[in-house]
Amino acid sequence: MGDTWAQLPWPGPPHPAMLLISLLLAAGLMHSDAGTSCPVLCTCRNQVVDCSSQRLFSVPPDLPMDTRNLSLAHNRITAVPPGYLTCYMELQVLDLHNNSLMELPRGLFLHAKRLAHLDLSYNNFSHVPADMFQEAHGLVHIDLSHNPWLRRVHPQAFQGLMQLRDLDLSYGGLAFLSLEALEGLPGLVTLQIGGNPWVCGCTMEPLLKWLRNRIQRCTADSQLAECRGPPEVEGAPLFSLTEESFKACHLTLTLDDYLFIAFVGFVVSIASVATNFLLGITANCCHRWSKASEEEEI
């Protein structure tokens, strides 16, 4: 028996082709275990998931866990469920443009620490709340352009986005933008605000002054930003306004003005006293005349 085992040939080293196939199968199994099944109607390749232009009414479930670039553009998506991005911590690019979104759930980006590019253009957002980008500290680019119903941006909407470089708010319905919304963005390089119905009243002056100091490196579409009101500046380029344009917002009174106001107040007071005095005399005379008439009748 021992001689028989001694005479059996030992297998040689594995063939390179077989080794390669084994490695590929193992990698495939690992890839499958990581959750890389591609959703229906989507294409998945090199950590890019493309579900664009598929007439989707809702976001696809169960994306590959290692997704870095997700495109859901050109669909009919009306909502993103809370926690949708919880498992996709490698996500860097999220494209949701040209859908029917009106809002995003609170805390959507809580686990998307690597998210850098977010496209929300061509949707139906009416406002940007304070917690819309909560915990999305890695954002570099935000596109909110072409949201025609966008009327309000909360002063703290972009709070904590220290890495933000590009912000597009063009072609919306903004008439006013708080300076506070932009002051906390030290890295901002490109700001697009053209195509909005800006009301260039006194409340616009702080923002305009801030933008004018940064216009060379911050505002990309300064020629497209125009005033829709008040009537005296309607149609004027926003950045053509000067300090003289807001002169009425800073009226200062001279000593002569104060003296004139005091004089007018004094005259009004005297006139009021005199009027009350005359009314009192008239009432007293009427009372006496009425009493005298009653005595004559008796």
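Each Cβ is built from the backbone N, Cα and C atoms, and glycine gets one as well.
Remember, predicted model here, so these are calculated numbers, not experimental data.
Some features that Swiss-Prot has for this protein:
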- 1-34: signal peptide (SIGNAL)
- 35-65: domain 'LRRNT' (DOMAIN)
- 66-87: repeat 'LRR 1' (REPEAT)
- 90-111: repeat 'LRR 2' (REPEAT)
- 114-135: repeat 'LRR 3' (REPEAT)
- 138-160: repeat 'LRR 4' (REPEAT)
- 163-186: repeat 'LRR 5' (REPEAT)
- 196-251: domain 'LRRCT' (DOMAIN)
- 259-279: transmembrane segment (TRANSMEM)
Long-range neighbours of the repeat 'LRR 1' (66-87), counting only residues six or more past its ends (CB under 8 A): 34-36, 44, 47-60, 93-112, 115, 119
Tally of residues which DSSP labels helix, strand or coil - the repeat 'LRR 5' (163-186): 4 helix, 3 strand, 17 coil
DSSP-derived helix, strand and coil totals, residue by residue, for the repeat 'LRR 2' (90-111): 0 helix, 3 strand, 19 coil
